[in-house]
Amino acid sequence: LQGVFVLGLPYAVLHSGYSGLFLIVLAAALCCYTGKILIACLYEENEDGQLMRVRDTYEDIANACCKKLSPKLGGIVVNVTQVVELIMTCILYLVVSGNLLSHSFPYVPVTEKTWSVIAFFTLLPCVFIRTLKIVSKLSQLCSLVHFVIILVVMTYCLTQMHQWSWAKFKLSIEFENFLVSIGVIIFSYTSQIFLPTLEGNMRNPEEFRFMLNWTHFFACMLKTTFALTAFLTWGGETKEVITDNLPPFLKTLVNLCLLTKALLSYPLPFFAATEIVYSCISKGHHSNYRFPLLALCVRGSILLLSLLMAMFTPHFALLMGLSGSVTGAAMTFLLPSLFHLKLKWKKLSFSQKCADISVFILGFLCSLAGIACSIKGLLEVFG
């Protein structure tokens, strides 16, 4: 999910300066930590003191935390938050697809919204996806395209090293733009909703923490290097989507690659969102699809909803910032730390409790401020 949205990081650095680079590193460390404590909530000790996996999903963790208040309240909150985040991701893919097509073919008298509609029609076959097999194959192609894109952009940036200047970095920052940048950076790391399933399907689950450390380390290095080199190359001229800064001979090529990646990436969050919604409506019978017409209606409705939202909010960075501040912060920082404190309070050390509380407070403040600033930015754009 992070591939296309990495393109917004140089723009975030533009508005946050040196602190933006620090935030990319800090976000990686915090996301890695909350991923670990989220998985810890899946386990409980048995009579022999051995850890046993007693929960399978984020929803199960939420229900366990809220069972005294309401057996299903926590699961409902988590499912709603997950669906919102996944649909927002789908919307962003359509928004960026329209943006890429518009900048790839500027001589065609077609608006960015119309390009989004054209991209939407290529995604109609998604309503017929019923298994993860197809989605996984598309994701493999996405990874290949992603590395090609990053390689091309960074190679061009390195050819412009003679123009680099650290003076382009701001020492003073605009507070509101800084908060929007926080949302963009958070959104580029959100993956917690997939971690319980990932850990449950690992051949050696005990290696999960090791895997999480290294994946976040390499993601942090890649994002920091990419954001830094791109910003040093274009400075104050950095666009919301960095490929808009490329010279014409590269822009069209890279934009078409990005378009391919965005369209191939869409099925994953779309499939996950439809599975959650369908399972809630059909009361858990999503695995065998007893109601094929209902499943088709759910997929079609979510597909259409993503298009309508993309038409009304065609601003990539602001929309990504809002998504990161709302659902990204909740699923990545707020809920994991809250659930960990609730389920493991008696077994946590003082330092662990302080760490969880600090993450929760930090996530709450960033989320609140980011929401206000992102909404204000969107309102200003719409006049």
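One-based numbering along the chain as shown.
In case you wondered, yes, glycine gets a Cβ from its N, Cα and C as well.
Annotation comment: TrEMBL describes 2-375 as domain 'Amino acid transporter transmembrane'.
TrEMBL lists 20-43 (among others) with the feature transmembrane segment.
Look at TrEMBL and you will find 76-95 (among others) tagged as transmembrane segment.
Look at TrEMBL and you will find 115-132 (among others) tagged as transmembrane segment.
If you look up TrEMBL, you'll see 144-166 (among others) marked as transmembrane segment.
Residues or ranges marked as transmembrane segment by TrEMBL: 178-198 (among others).
Residues annotated as transmembrane segment in TrEMBL: 210-233 (among others).
What TrEMBL lists as transmembrane segment is 253-281 (among others). Among residues of the same chain six or more beyond the transmembrane segment (253-281), those with a C-beta under 8 A of the stretch's C-beta atoms are 1, 3-4, 7, 79, 82-83, 86-87, 89-90, 93-94, 96-97, 100-101, 103-104, 119, 122-123, 126, 129, 132, 134-135, 138-139, 141-142, 145-146, 148-149, 152-153, 193-194, 243, 246, 294-295, 298-299, 302-303, 306.
Here the transmembrane segment (293-312) has long-range neighbours at 87, 90-91, 93-95, 98, 113, 116-117, 120, 123-124, 126-127, 129-130, 270, 273-274, 277-278, 281-282, 286, meaning same-chain residues at least 6 beyond its ends whose C-beta is under 8 angstroms from one of its own. Summarising the annotation, TrEMBL assigns transmembrane segment to 293-312 (among others).
The transmembrane segment feature in TrEMBL is assigned to 318-339 (among others).
Residues annotated as transmembrane segment in TrEMBL: 359-379 (among others).
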Stretch with greatest number of CB pairs under 8 Å, the transmembrane segment (20-43) reference, 76-95, 115-132, 144-166, 210-233 candidates: 210-233
